[in-house]
Structure formats: C-alpha cells, structure tokens
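Features as listed in Swiss-Prot:
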BINDING   LEU75, CYS76, HIS77, MET113, GLU114  substrate binding site
ACT_SITE  ASP128  active site
Amino acid sequence: MNQFTHINTNGEANMVDVSMKQETVRVARAEAFVSMNAETLQMIISGNHHKGDVFATARIAGIQAAKRTWELIPLCHPLLLSKVEVQLEALPETNQVRIESLCKLTGKTGVEMEALTAASVAALTIYDMCKAVQKDMVIENVRLLHKSGGKSGEFNAE
C-alpha cells in the first residue's frame, strides 16, 4: 500500500518537497453534478434567473477557484496553471447540471486538486445563485475523472 506523502515519519503534516521532481505535462479532469427541480433547471436554461447567467458565473467561479486552490487546501503547492476549462451541461432528463473541469500545466506536481476544486466551486456557485428558488438542491458525485503526467502515471475513472 502507498504511504501518505504529506505525513512525515513523526506523523506530522508537511508540504511535500517537489524540488527534485522532473517537470512533466500534468492534466486532470474532474466532474460534479447538481440535482434540482425541473423548474429550477428550466430557469437556468432559459436565462430567466434574476441574478443573471448562472452558467457563465459558475464557469468563472470554477476557473478562479482552480487558480486559488493552494489557498484553500492546506499543503497544496501554488501552481502556474497553463489551462483551466469549466464546462457546464444541463441534463433535463435527470434534472441535473453536469460540470466538468480540466486543468493543465507543465510542472513538478499534479493538478488533481485544482480540477476537483474547480468543479466543486462551480457547483457551489450554482447552488448559491439558485438557493432563493430552491434550497434542497444536491451537489453530488464530485470525482476525479482523469489524471496524467508525473511518476504515478495515468488514472482514468471507470
């Protein structure tokens, strides 16, 4: 079994030293879903929400969050991201919004946390913008879809 990389031999949390690691292209994709009533989803789709374009706001929030992950998650490294994408898709058949994020850089550590943070904050932004209309929305199934680059190789969710 692999060891936790952020815990030293004394059991103390520390930031991982990546100074001797090779720079490689790192890519990560993550997703999240927001489940809601059909009426709430239709309000988002039609653009009739009184706060404005929900998808545009959530997209920008997700991008901003990816760039600030190191400030939110203890022990994450500040990264020079070369690409952040946040895609939002309305799924009327399940009354959900699907969010997919992609983060990319050339560096010494991965971008999984940045991708997960982007998807999560985009979902939280949808909730925030729509909570006046519906408070029982559910943010669910936040997960890493893909990561590549680095010593640990490639990962693809099933």
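Glycine too: its Cβ is placed from the backbone N, Cα and C atoms.
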Run through the Cβ atoms and count how many others sit within 10 Å of the one on HIS77 (substrate binding site).
15
Cβ-centroid neighbourhood (8 Å) of the substrate site, LEU75, CYS76, HIS77, MET113, GLU114 excluded
THR69, TRP70, ILE73, LEU79, THR109
In the chain carrying MET113 (substrate binding site), residues 6 or more apart in sequence that have Cβ under 8 angstroms from it
THR69, ILE73, CYS76
Please identify which of GLU114, ASP128 has the densest Cβ environment, defined as other Cβ atoms within 10 Å, among these recorded positions.
GLU114
So of LEU75, CYS76, which of the binding-site residues has the fewest other Cβ atoms within 10 Å around its own Cβ?
LEU75
GLU114 (substrate binding site) to ASP128 (active site) - Cα separation in whole Å
21
What whole-number Å value do you get for the CA-CA distance of LEU75 (substrate binding site) and ASP128 (active site)?
27
HIS77 (substrate binding site) to ASP128 (active site) - Cα separation in whole Å:
28
